[in-house]
Structures are given as structure tokens and as C-alpha cells.
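Copied over from TrEMBL:
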- 7-23: transmembrane segment (TRANSMEM)
- 35-53: transmembrane segment (TRANSMEM)
- 83-104: transmembrane segment (TRANSMEM)
- 154-173: transmembrane segment (TRANSMEM)
- 203-231: transmembrane segment (TRANSMEM)
- 251-274: transmembrane segment (TRANSMEM)
- 286-310: transmembrane segment (TRANSMEM)
- 322-339: transmembrane segment (TRANSMEM)
- 360-381: transmembrane segment (TRANSMEM)
Amino acid sequence: MKKPLNLVMSIASVVVVVLYAMPSDLVLPALKSGLIGSNTINALLVLYCITYLQRMMESRKQLAGCEEAMNGLFNNRRINASVVPFMLGCLPAASTVLICGPIVRSAVGDSLTTPETAAATSYFRHISEAFMPTYNTILIAITLTNGLVTPSSFVLGMLPVVVCLFISGYVIYLRRIPKETGLVYDEPKSVYWKLLVKSIWPIFLSIAMVLTLNTPVWGAVLVCIVLEFFVQKFSVSEVVPFFRTAFESKLMLNTLAVMVFGNLLRSTGVVDLLPVYLSKLPIPNFLVWSLIFAIGTLVGGSLTIFVLAIPMLMTVFPGPEFYPMFLLVMSVSYIVMQINPTHICLTLCAEDFKIPLGSLIVKAVPLVIVATALCFGYYFILTAFVF
């Protein structure tokens, strides 16, 4: 019998406390941070704002307009299922996946199962998180290198990784989706470009505000909600119901439960011991550190392992060896996050597709395996011919 994710995560939190015999002086701060910490409040606020904006866009059929525009430009269902969520994913907010879902579902049709469609949606929506320095974790990781890696050099080095990620997505799921939409579009391309901008300008504007003005995501989306009200000529009576329907209680409870579980897991101190134990393994250094970042990301999240391990990584891989190794561990950490049950985006995506979180993760595993293999290949090329 399927159990609600918030219940499963709550039980898991209790198990962590009991298993590690956590004292109250560790449990209480973790609970407080998970329930009312700034990260949690920000996540809930962004979730509400984006859901509200989604309701407005759906009522004016803007998401359908986006799909029609992409069909007119490319007439390719595979592009709708991959490039569109990739572009929308440039907005650094977990709940962006809720906007991607309807577009990908329509593009995929019955070519994939529901869990496979959910996995593909989450996967392509997250590719921008691998390299864009608008994401806080990437900025912190780059800062921790003390100038050895700059934002521009990081983006440049990660572009081949982005290619690897798209290749993995194509090999596992995208190639199973028919290219043809079965429709004929004979208008000039300019008509469809205008329709695309008209359909999802609120998302483009939100991304631009975050990138250029460093506006908080919730603030950028809130501005777009106000502008959307006037541009689309909403009446007050139309938008009032959205205040209620945008409050997705199940999604919010899931978010709280995942945040609490993640905080408790990090408070156990397990991540701190990873370099000590894994460094004793009789395997090459690049594999040791890949494992450290992979397991650390699964247990404590990417930010935790970045802060702990990047300073040590600079010592183990001095000089020119550091750059390719840094790209590798950042790639590994990013890829592992795509199957991390404490990843809020996965929770939201599973709920949106009405499937168990485990089903989504299982279908994401093949994507992760292929992407990881390709990233290791890229690392070998860098170390053999460039550095």
C-alpha cells in the first residue's frame, strides 16, 4: 500500500534519531532549521509563488501556447520533451518542474510510462543546474577553490558535461519518443517566435531578473505575477481563487518532511568521516574522491560535501591536476543528486505525476549510470590530452 511521502520521511527521520542515538542538542536545532529555517521558508515561498503563476498561465493557455510555438519552430516532440524543460530549468527554483510537467507529458504521449516520463522531466529540467553559476551551491563551490576555478572557466569546462547529459537522456528515453508531431505548421517562423515569447515571457523575465539583478527567485516570480495580472487583463474575481488553489498542502508537507530528514541526516556527522574511511581503499585517487563526493551528496547533500571536501581536494590534487578533478567531482555530485530522495525537486515531480518517489528514482538510475560513464570518459580525455 502506497504511503504518503511526508509520512515515509517522518518515519525515516525518527529512525535516524534512534539509530544514531542523537542527543536533543542536535535534534532540536535540526528540527527547527528544517521546519522554520530560512532555506525551508524560501523553498515554500517559491513553491507557492510559482504555483500561483502557473495557475495564471494555465488559465490563459500560455503553456499550451508554448507547446504550439515549439511545434511551429521545430515540429519535434523530442525538443519539447528536452530543450523546453532545460530552458525553464534555468530558473533556480525546485517548483519549476511543475511547469515543465504538462509540456513534457504532452510531448511524450504514450511513448514512455508515467514513471519514465517523470524521470525524463526531472532529468532535463535539472541539466542547467550542472553548470549555471546562478545556483548557490555552484557559487559556493567555486568560491571554495580560492580562485583556482573562476565562474567562466567552470562554465566552459562543464559544457562538455552538458553534452554528456543530453546524450544520456537521448540514449535512455528521448530516442523512444517519435520526432513528428503529426501536425503541419505553415506560418512564418517569426509568428512562432512571437508566440513563444508571449506564452512564457514570465519565466524568461524571472530568469533574467535572477541572473542580472540577483533578485531572490520568489521576488522575481512575484513581480511577474503582478505584471501577468495587467498584461493578460485578469479581473480580481479570476485571480482570487488562485490564492487557495496555489496552496498545495501535500507538496508543502512533503517539502517540510524532506528538509527535516536532510537536516537530521547531516547532523549525524557521517559525512565528516567519509574521507577518513574511503581514502584507505586500494583504488586510484580519482575514484576515491568521486566516491567521497557521491556518497557525501547522497547522505548530506551537495553543499555539505562541497564545504567539507573541496579544501581537502585542493591539497590532494595540486596544480593543474585540480581543475579536471574539480569538474569530475562536481559532475558526480550533480548526477547523484538526481537520485537523492532528499532532493526537493524529485519530491515535487513525483507528486505532480502522482507516482511514488521510489518509482521516479528507479527510472532515473539508467540516466545516472550512462551520464556518469560519459563524465569519467571526459575526465580521462582532459587528463590525457589537456592537463
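Placed from the backbone N, Cα and C atoms, the Cβ positions cover glycine too.
Between the transmembrane segment (7-23) and the transmembrane segment (83-104), fewer than three CB pairs separated by 6 or more residues in sequence fall under 8 Å, so the two stretches do not touch. Long-range contacts of the transmembrane segment (251-274) within its own chain (CB-CB distance under 8 A, at least 6 residues past either end) are made by residues 4-7, 9-10, 12-13, 16-17, 20, 22, 26-27, 29-31, 33-35, 37, 39-40, 43-44, 47-48, 51, 95, 292, 295-296, 299-301, 304-305, 308-309, 341-342, 344, 347-348, 351. Looking at which of 83-104, 154-173, 322-339 has the most CB pairs under 8 Å to the transmembrane segment (286-310), the answer is the stretch 322-339.
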